[in-house]
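> Encoded as structure tokens, here's the structure I'll be asking about.
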Amino acid sequence: MGLMWGLFSVIIASVAQLSLGFAASHLPPMTHLWDFIAALLAFGLDARILLLGLLGYLLSVFCWYKTLHKLALSKAYALLSMSYVLVWIASMVLPGWEGTFSLKALLGVACIMSGLMLIFLPTTKQRY
């Protein structure tokens, strides 16, 4: 059950991260504070996506709280690395994100996935 909550948390956090990235690239920079505030108050699509991203992170924290009650800490924190993989893939697949493929990034993803498999593969107990 803890693994399920952890996966929910990772998926929701990944979507939230993509939402915040979209909002950050479309809203005025915070260095132009009044333009930024005006865009937020207009509550256009960019501001709504920003709000959804923030709410997504909040929901992700709830799922993470449930994860930590059910799953060993050493396994739970390893799950967080899945978010890097999901966001990398989504940035290349989703239109408008212009994520780039590189062998270096693929190697990093392979390392993350290998590490997760090592952590989550069942262990066999040896009898002596």
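Placed from the backbone N, Cα and C atoms, the Cβ positions cover glycine too.
Swiss-Prot feature annotations, pasted as is:
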TRANSMEM  3-23  transmembrane segment
TOPO_DOM  24-35  topological domain 'Periplasmic'
TRANSMEM  36-56  transmembrane segment
TOPO_DOM  57-76  topological domain 'Cytoplasmic'
TRANSMEM  77-97  transmembrane segment
TRANSMEM  101-121  transmembrane segment
TOPO_DOM  122-128  topological domain 'Cytoplasmic'
> Could you tell me whether the transmembrane segment (77-97) and the transmembrane segment (3-23) are in contact, taking contact to mean 3+ Cβ pairs under 8 Å with a sequence separation of 6 or more?
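Output yes: the transmembrane segment (3-23) sits against the transmembrane segment (77-97).
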> Go through the chain and flag residues at least 6 beyond the ends of the topological domain 'Cytoplasmic' (57-76) whose CB is under 8 A from any CB in it; none is fine as an answer.
1-3, 5-6, 8-10, 12-13, 16, 20, 119-120
